[in-house]
Structures are given as C-alpha cells and as structure tokens.
Amino acid sequence: MRDLLKIHKLEQKEQDFDAIRVGLASPEKIRSWSYGEVKKPETINYRTFKPEREGLFCAKVFGPMKDFECLCGKYKRMKFRNVVCEKCGVEVTYSKVRRERMGHIELAAPVAHIWYLKSLPSRLGLLMDMTLKDIERVLYFEAFLVTDPGSTPLVHKQLLTEEMYFDALDEYGDDEFEAKMGAEAIQDVLSDMKLEVEAANLREDSLNTKSQTKLKKYNKRLKLVNSLIQSGNKPEWMVLKVLPILPSDLRPLVPLDGGRFATSDLNDLYRRVINRNNRLARLLELDAPEIIVRNEKRMLQEAVDSLIDNGRRGRAVMGNNRRPLKSISDMIKGKQGRFRQNLLGKRVDYSGRSVIVCGPYLKLHQCGLPKKMALELFKPFIYNRLQTKGLASTIKAAKKMVESESPEVWDILERVVHQHPVLLNRAPTLHRLGIQAFEPLLIEGKAIQLHPLVCGAFNADFDGDQMAVHVPLSEEAQLEARTLMLASNNVLHLASGEPIIVPSQDVILGLYYMTREMINQKGEGLIFVNATEALNAYESDSVTLHAKVKLRIQDYHKVNGKFEPSAKRIVDTTVGRAIFSRILPNGLSFNLINEAISKKVVSNLIHVCYRTQELKQTVMFADQMMYMGFQYSTKSGISFCSNDMIIPDSKAKMIEQAEIQVKDIQEQFSKGVVTDGERYNKVIDIWSRTSEKVAKAMMDEIGFENFTDVDGKIQKLASFNSVYMMADSGARGSPAQMRQLSGMRGLMAKPDGSIIETPITSNFREGLNNMQYFISTHGARKGLADTALKTANSGYLTRRLVDVGQDLVITENDCGTDNGLIMKAVIDGGNIVQTLGTATLGRVTAEDVLMPDSIEIFLEKGHLVSLDDSDKINELGIESIKVRSSITCDTRYGVCSSCYGNDMARGHKIGVGEAIGVIAAQSIGEPGTQLTMRTFHIGGAASASTAVSSINVNTDGIAHFENLKSITNENNDLVVISRSSEVTIRNNKGQEVERYKIPYGAIVHVQEGGAVTAKDKISDWDPHTHPIISEQAGRVIFVDFVEGMTVNKNTDPLTGLTFFEMIDEAERSTAAKGLKPLIKMVEENDSEVVLSTHYLPSTVKINLDDNQVIAAGGVLAKIPKDLSKTSDITGGLPRVADLFEARKAKDHSILAEATGVISFGNSTKSKDRLIITSSEGKATEMMIHKWSQINVFDGETIEKGDVISDGPSNPHDILRLLGVEALANYVVREVQNVYRLQGVNISDKHIEVIVKQMLRKVEILDAGDSSFVNGETAEYGRVIEMNYQLEAQGKDLINYQRLLMGITKASLATESFISAASFQETTRVLTEASTTGRVDTLQGLKENVIVGRLIPAGTGFKHHQVRRAQYVESITTQTVDAQQALSDQLKEAEEQT
C-alpha cells in the first residue's frame, strides 16, 4: 500500500523554476508537445459516449477516459500502468493526463498567425517593411508577392495583381521569377531573411538619414530584428505549418439529458479548421484548379484566424445562438479570462457566510460564530478529535455522529474552536483591513456577531450586511492569522497611521452625555476622595451625572518604562468624568478627559494611549470605553424628536432681505447694467450668504439654553437638545444636515452641476411645497446615479494602482543615499493644514537638522523622527527638513526601509518584505470609494463657496511676498501683475502661520515687511472678472475694432458708460474673419513707440475709448468668470485619476524652457514666437498659440521652469524642466488637496510610492557603448546598473532622461510580461513578449500568484530568500564536486605519465 502511495506522489512531482520565458514555437516544437495528430472533426460517439478515434477527443492522442483503464476495457487497474493497449492504442494511466496532453494538426498549407499580423504594431508588417494592407492582400489571395525577382526588372517583395502577374509570366516566362500568394509567400520571404545582415543595414540607414520619421521607423525595425536575434526566434515561425490542439479536458464536451451536448466553443472552431484542412488536402491530391485551391486556402486561413482570435479580422464566427464563438484569445483576456478569473482569484471551498449583528459584550479579538456554521466549518478537526478520543472508530462513524449531532460532538466542537482563529471578510475588500482574524465564540442563532469597534475597518454596519468566514487550516496559516491578522493587532489605519478602532455613534453619544456638565445639580460642590466613591454616590442617587464636583486624582510618571504613582491633586470636574476616569489607563492625564468627550477627544485619547502605552493596554481601554458608552447611551434616553428641531425666529426676516437684494439685481439686469452671468453669480452669492446666516442663527438657538445657577442667576450654556448633542458629539449627523432640518435647505444643483438660482427656503420640519420637492429630487437622484458610477470608477482606479505598485517590496535596510525630498508645513490660507512635525513624523532625515538660528545639530542625518521629535519640530519653528523618500531610493529592486520610514499600521520602522506598493495602492484607492459614496449625504444641497474677494489676516505678524511683481497705481496702492504671487504672514518667532495666493490684478494695501494686525484687509479684487492690467502709463489704440464686425458697442443704462464687447470668431461675417482685434499701448506723446500689445479673448469687455490716456495699473479690459458650479467630488476622483495617469490638460500652462531674457520674434498666423536669450547668448525659441494669454513681457528676465502662460500644470514639463523632486512635490500636493477637501487623511508616503513607480522608465538619448538603441525606453534601475558597469570598464556612459508614465502605461510597460498580460491588452502584451523572447524573473507579487507560488513579500519573502540560498549552495556544491573530480583525474593522469 505504501508503495502505491509513493507512485501517486511521483506522478505529482513539480519542478522548481526561477523564471518563465516565452517565445515563438517552431513546427518541430509543436510536434514535440503533441501526442498524436487529430485527423477527423468528430468528437464523441453519441450512442456509446466514447471518443472517436483520431477525432478531437481521441483517447489514443489525449489519454484514457477513466483512471488506469484503456478504451476497449482490455487492460484495467494499476498493475498495467503505462501499458499501451494494442487493440485501441490507449496508454493505461491517469485520466487527468487529458488535461495536459496536446495534439496537433498538420496544415495542408501554411497559415499566418493573426496575432503577429493584426496586433498593433503589426510584427509581420514591421519585419517585412510592408504595410498591413499589402500583407493582408497577399495573405487573403488578392495579390501576388514577388519572392524572387531573378533577372527580371521586378522588385523583391513587389505586389502584383493577377493581371500584372499574368503579364509578367507572358513577358519573362515562369522560370525567370517567382511570385506567390497566401501565407506561403510570406513564409518564403521570412525564411530568406538574414537577420544579422538586416540589422547591419538598418544601423547604417539610421546613421545616414536626416528624416526623423524614417529614423523612428528604422529604430523600431532594428529593435524588433535585434530582439529576434537575441531571443533565437526565427521570423518564419510567425507562420504556422502545424497547429497545436488544446488538451481535450480543457475544452470539454458534456452530455446533457435529452441526448444533447454542451460543448466549449473551441471544439466548433477546431472542427471548422479540420474540415477545411482535410478538404484542402484532398483538393491538392486531386490537383484541383488553382482558383478552387486558392479559395480553400483562404478559408483555412480564416478558420485558423477565428480559432486564435475570433472577430479580430472581418466578421466574427457566430454560434447557433447568434453570439460570437469564444476563441483562444477570448479565453485568456478580460475579467472572465483565465488570468483574472482562475489565476489571480479563485473561489474558496471552505467558507461560510451569514448576516452580521452587533456583539456589544465581545472583546476586540473575538467574534460570535453560530454553532451550526462552526460544526460545518470545523468538520475535519472534529472527525480527527472524535477518532483520537476513541469515540468513533472510522471517519464514516465520525461523520454519522456529527450528522446526528450527538452531545459529545458539541463538547468536542467547543474544544476544537478554542483559540483557533477564523478569518472574517466583508466585501468589497478595499484594503487589507477588510479581512481580519478573530477567535470564535460559539453562539446560538444563525447570525455572526461582530465587535462594534472593528466596523470602521470593515466599513460595516448592522443594517443587513453579510460577512464571509474562512478557516485557516494549516498550522502556519493559523499562526499567521493570529500574529499578523488578529483584530487586536490591527489598531492603526494603514493610510494615515491613526487609530482605526475608534468608537462611534452610540458609544460616543453615551460618553458625551456622561461627561457633559450642568449647573445647579444635586450634589454640586461635593468633594470625592476617588472615582469609586463618586460612582457609589451616583448609584445611591446622592449626586446626578452632570453635577460639578471636586475629585482627588493620582498622577503617574514613567520610570524605567513603567508608570509609577507621583503626586495627588484635586481637580474640578463632574461626576460622569470621575466615573469615566476609572477606566483610564495609568499614565494618561486626567486633563485629556476633563471636558465633554466628543469623537475628536476619543480619537485623540486612543492615539495618545497607543503612543504611550503598549498595544494590549490600548485594546483593553477601547473595549472598556465601548462597554461604558453603550451603558450610558442607554441611560441617557436621547431620542430624535421633531420638537428638537428648533426653527430660528429671525429666519423669515433674513429671507425677506435676501429677496429684496435679488429683486434689485434683477432690476439692474433688466436695465442692462450687469450681464446675465454676473446677475446669476450675484444671486447665488446672496442666497449662499443667507443660507449661512440662517444656519448660524439656527445653531445659536439649538446650541444654547438658559439655565439658572445656585444663586438664581440665569446663565447661557450648551444645550441638552437631543439633535444638537448627536451632532456636537460627532455621533451622528452634522451641522449641514441640521441646517436642512431646521434652517433652510438652501441652493440645489441641477444634474449637470450648475446651481438652480431659486433656493429652497423651507426646511424638512416645515415641509417642502411641490416646486421645492421637485427641485430636491434632482439632487437625490444625482446622488444615487453618481454613487453607482463613481464606485465603478474608484474600483478601477484602485485596480490600476495595485497593478502599478504590486512588485514594490521593502528589500533591504538602508541603501545609503543622501537624496530626499524637502518637507515644509502645508499652509492653506489662514490655516496650517499640516504642520512640519506631522509631515515628517515617521520619516528618516536625509541630512542634519539644525536648531533655528544656530549651528547646533537638533536631529542627526539618518534619524527616524519620533512623536517627541515631531512635537519639538513644531515648537522650535523649523522651516523645512530634508527627509528620505522612496522616490529617491537607490535600491535596485524595491525600496529600503530607511527611505520608507515607519510602517503606518504598526508605528515602528518598516520591516523587510512589506509589500509597500500594494499598501500604497489600497490606501489611496480605499477612500476613493468612500468619497464617491459621500455625495448624497448632504442630499445634493449645493454648498456654493461664497465668492472670495479679499484677504483678511487672522493673526498679528509681518507680511512677506513671494514671486510678487507689482506696479503702483494712481492711489499709491500696489497692483499685482504676476500670476503666482503669494503673501505669507510670520509670527513673532518668525514661523509662517498664514499663506494666501494673490490673483493677478489684485490691489495690495501693505508693503513687503509691513506689520499687520488680525482682521486687517491686506488685499482685495473683483471676484467675478479677470482684469487685463496696463503695466505702463500711456495711450490706448484700438486695432481692428470694427463695429458690427469684430465688436459691438453697448451702453450701460445705469451708469451711462459705453463698453465694447467682442464678437466670437465663429459668429463673425466672412469679411471680418481676417481681422484680429487688439489693444496697443503707445507713449502718450508719441504714437510710434509701442509699449505693449494685448490680444483679446472673445469673452472680454472693454470700458475704454480709442486714444484714451491711462495710468499704470489701470484696467484695460475685463473677462467675466464662468458661472459657479458646485464643487462635488467629481473634481476629486477624476482629478486623482488624471494625476496618476499623468495626463496633459487641454490648455496646460507653458513653462520657460531656459533661463534668460525674453523677447518676441516674428509670429506666424496662429502662434507667437517667444525667444529666451541666456546670459551666454544662447537663444531658445518657443512657439505659443495666439489664444494663450502670455504673462511675460519684452525684456523681462525669467528662470527655467517659470510659468509663461497660465493653465493647469503639465507634470511632464515639471519633470523635464524642474526635476524629480519638483514633480514629486507637485503630485503629492495636488492629490492631497483632493483628499483633504473630503477630510481624508493619507500619508504622503503612499503617493510617493506610486510616483516612484510612474518614474520607472527612462528614454535613452545617447546609448554610449551599451546595447540600447537611441530613443528606446528602458528600466531606470537597469540603466543605472549598466552605467556602473560601463564606468568600471572605462567606456562611454548612457545619457538618458527620466520619463513620467501614467499608471496604466507603467503597468503595461513593467518588466514582467505575466503581470502586464493579466492587467490589460493581454494579446498585445503576449504578442510583444513572444516575439522578443521575454523572460519573466517572477519578481513581483502577481506573477507569483499566477504561477501558484508563495508571494515574495511578508512571510514569503524569507521563503524565497532561503530557496535562492539553497539553490546557490547546491550549484556551488556541484561546481566544487566537479572541480574535485577533475583535479582527481588530472592527478591520476600525471601519476600514470
């Protein structure tokens, strides 16, 4: 019996491999795979259900139908193993060989492989240097191809129509030249091709050509020819002589009841090929007329095309149900294809699924598992235990016992389940916290009980969500689940490093309620010796929960890592807070909880606890908080009632005033004073402001109540209104929702995003009228539609991110680089959004950090910034710190842990083997889905940002300007004429506390270095228009202003002023098409001296007259701004996708290509010529479209990379002109802006990791002495490595420039073709990989999952290291043995001589 088992083991031996190579298969190779030729199109005999001999399911070719039994039944059982039956020809072996044995068809005529023909760029076309159209004409028998011109004037590879061919035959005779049709002709040309000669010719041609187009073409061909030479692929193998046939069990034929069969589409496609092939062979035998043979050959070509890739050329072959048949290509591509359906994701056979309910008494690491479910899931363990206990003699008996559910089974189940972790998973699993391990507690009922605190990580709620349970079977799996995945070990969020097990909703409400204070309560003023005494007093009804009392508390301080008691002190507090302090861990200050505990406070508490105590304390504290929160929220009796929604009395008056203002503006519009756009904008502004006012009045009314104190005085304190408490505590609802309940709903958006100018003045408590209800439906529906669409978009973004980052793993401790990124505090307007301390927390310094204004070192180079350091950085007011970053890491494969810094989810330096690429992708993608789902929470209420028209500072300080260019106007104010100016306010320590952007045309009321005080207005501007400012005093001359043709003259009825409006170019008459209206500024006294010219866009308004004199800083024209649209997250998700795809915006900004002085050259019809002359006299020309507004003027000095014309930034330009660091800062800043807008906190690290992957490629500018071709793209790491080698050999180095690739492109351009093929464009990737003979070294995670090995990350990282070490050791041993044997032989030979 043992030996038999050994035989089974031998059959399943797998070979170890380190790489996979893909290439073209030669006819010999295909025949070597095959176990026999398939000659007939028959499948199986419908009576006997046995496969037909030499048919598509032939047992002789593909193997036996049943294990160890030949087809005719002569040989059965194991003893005839590997015997070939002489009667039916079937080998006696396992039936599973039918899944791996291939067959083949000998084709009667060669056939071109459609992938190499039609997959762009066409490899055949490129190699033969012919157009795809021409090759197709030859292949499908429409034209002849000259394969050997002989001595005739015909040219090699010339195309001849039938007429031309016969003419040539008549003229030269058929012995003089050779011309063929079909794949045969192509094959002849390819087999005659001498690749080395071709490569040499191409190199010579590319050196001799001046044409860029030709050079590109030569380089493309040279690359293909070189790759064919290197890979050993022969070009003629792109044409098939032998067609391989898939093993029969991979294209099954299943008999259904009623004598019908279900079959794989491939069988139909193979049948067509075999039928046509047999017919062609017969025709050739019979020597049929050429035209019939040709037609049959064409049909064979088409049949093979549709087998390999149906529908790629011509119409797809349909099945009998009128849908295209699924070809081999369709089998592997797309979501249902082999890669994504079966290799990257598989269904699990050991799992359960049920609804989840709340388990408020569970500990954090526990879950409640229904007994019924546990019994099914733990069956193998129960059987085993029953047998070892001797309760059941066989598995069968054990099975019976379990089925009958006898009492001892339940006892054994208890024992089996004890401390055996199970995995819980909630779909969609957006990040790794979507699967966590818990210890099961057996419960009655059929629902899984889940700990409320892990709901945040799973994004679960108890409104009918379902979860799946998986059982880790092996001991290694159990160990990993317990140490790495247990819920109590995953306390921090991997995106931001903040606690994720934060209590919410009821728990927060309970804690908030118990820690609120109230005056004039029973027991006010009592003094308690400790918290227990306070609890006893509360439970004996001597004091109320909110009474103000005094409490003696014990403080702790840290000694040798332990908290020891220190002084005692008395604090003013409330009874509730005293009770809460009983669960506070030693070492957490009472001051942290001596306030009404809202969600923010709880979050901070857990954070501080995690940082100061160990993990276990934190988890226990969170659990205790939860139990207490539930207890007191029950006692509070807080409910939701319509009387709690108090409508402010002043509301009616506010709305009345707003209506009067709107009426005024309407009148101004009807008189023609303002344009419709301006009217609309102003109306929106009025209603937005009113909405805010009503909301404020409502919050004042709901948020405060009058209470009488002990002395009988009335005091205004925070109210105990239920709705207010829910929102204020952060338990549920928000001020935005409260304003809709009892303020006014405000402005609504149309489905296209524009705001409807009639707001909803009612709220939900008053109720909506028909019209208002109808307007509301827009928002509600748009919310739902958006959610559905954006969820898909967000999922796709995550998928692309995972794909680009999947092979990035921490591979070493320190790469030793000095490079890094410079971090600064992020300041937006008057708020510090992110302090420098927070930004650098958990990062490693790249150079010494000095104390401000001294040379004393504060942090040494290579120091990991801790929490204490981070606080100190903020205190000291350090401006900027250079930290290590994964973008600048020098590790060849992966990233080193010093460049990455802290592991966000663990709070210590990241370990080797962590898959940081996938973590980054999940961290960025997960909130994407959250954001998309957030749209309908405010019910579509359009929160239109009221137009900002001035800068008012919040703090006292000194004003400093950056990039400010200005001119002084008549009133001695500064008028800003630069586009990227900013003003910063620094406090008395010199720390930057506020930063504002100043738009072009703004008026500034403070000088550089001037002192400002809080509330000062330092700048203002018109928010509704873009002005064009005159930079010198002078006279205005209008050019091409022709009334009725290029401009219209209008009069403002209110002011009586006239103004010009442009007529859009599209609407002008033919006569006016050539006219270009512009304003010239000339010297006041001399019209010949032109100071400047201003081209005008079509939407402009001009309030000047011709020849008018204007002062410097005057407004020449105004361009009205667009109507205000709601800023929904629509800006968000597509914006993030655009940034990561590195898309160029349509009208992107134009940056200066060099540093120097600007001048303007001769412009062309549509473009201006801008010349930058450097100090060395080198001129750089830039051509800029006339419609782009150029922000620079003649004679101005400009730096390389400065903005010349406004617009969204182009990341490719930033990389090219300003470098990698500038690009990294730009992408990080822009992505963070989107997420910050939604209040999502993501660490910069994750974005940097993705940017690193986008910068993987370089373009070779000069290949030096390397094997690269100029203009080729190559992997950055490979080029650096090669440069080291070239430098060591004293050869010419490679000159390159970094390329920025979008994530999709970067995923497809990865070194691993398996990973790229499983992502997108499968056929294109595989075609390219096979022609170039690509080798996949299986570095990334995806490739390893696909080939079924442990991933080289986490615990698998060590496994692969050990495997490689063993491999190297075995090779070394073999080498040493061989050397020893050789030296022994030599010795022997010497001795003999």
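The backbone N, Cα and C atoms fix where each Cβ goes, and this holds for glycine too.
Pulled from Swiss-Prot, these are the features on record:
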- CYS70, CYS72, CYS85, CYS88: Zn(2+) 1 binding site (BINDING)
- ASP461, ASP463, ASP465: Mg(2+) binding site (BINDING)
- CYS815, CYS889, CYS896, CYS899: Zn(2+) 2 binding site (BINDING)
Residues lining the Zn(2+) 1 site besides CYS70, CYS72, CYS85, CYS88 (CB within 8 A of their CB center) are ALA59, LEU71, GLY73, LYS74, TYR75, LYS87, GLY89, VAL90
Rounding to whole Å, the Cα atoms of CYS899 (Zn(2+) 2 binding site) and ASP461 (Mg(2+) binding site) are apart by 38
Surrounding the recorded Mg(2+) site, with Cβ no more than 8 Å from the Cβ centroid of ASP461, ASP463, ASP465 and those residues left out, we find ILE356, ALA460, PHE462, GLY464
If you tally other C-beta atoms within 10 angstroms for each of the binding-site residues ASP461, ASP463, ASP465, the top scorer is ASP465
Within 8 Å of the Cβ centroid of CYS815, CYS889, CYS896, CYS899, the other same-chain residues by Cβ around the recorded Zn(2+) 2 site are GLU812, ASP814, THR817, ARG884, SER886, THR888, ASP890, THR891, VAL895, SER897, SER898, TYR900
Quick tally, other C-beta within 10 angstroms, CYS72, CYS85, CYS889, CYS896; top of the binding-site residues is CYS889
Its Cβ having more other Cβ atoms within 10 Å than any other among the binding-site residues CYS70, CYS88, CYS815, CYS899, the winner is CYS899
ASP463 (Mg(2+) binding site) and CYS896 (Zn(2+) 2 binding site), compared by Cα position, are separated in whole Å by 44
Smallest Cα-Cα separation from ASP465 (Mg(2+) binding site) among the binding-site residues CYS70, CYS72, CYS889 is shown by CYS889
Among ASP461, CYS815, CYS889, CYS896, i.e. the binding-site residues, the one with its Cα nearest that of CYS85 (Zn(2+) 1 binding site) is CYS896
The rounded CA-CA distance in Å from CYS889 (Zn(2+) 2 binding site) to ASP461 (Mg(2+) binding site) is 41
Nearest to CYS896 (Zn(2+) 2 binding site) by C-alpha distance, among the binding-site residues CYS70, CYS72, CYS88, is CYS70
Comparing the Cα of ASP461 (Mg(2+) binding site) with the Cα atoms of the binding-site residues CYS70, CYS72, CYS88, CYS815, the shortest distance belongs to CYS815
Rounded to a whole number of Å, the separation of the Cα atoms of CYS815 (Zn(2+) 2 binding site) and CYS88 (Zn(2+) 1 binding site) comes to 66
CYS899 (Zn(2+) 2 binding site) -> DSSP, reduced to three states, gives helix
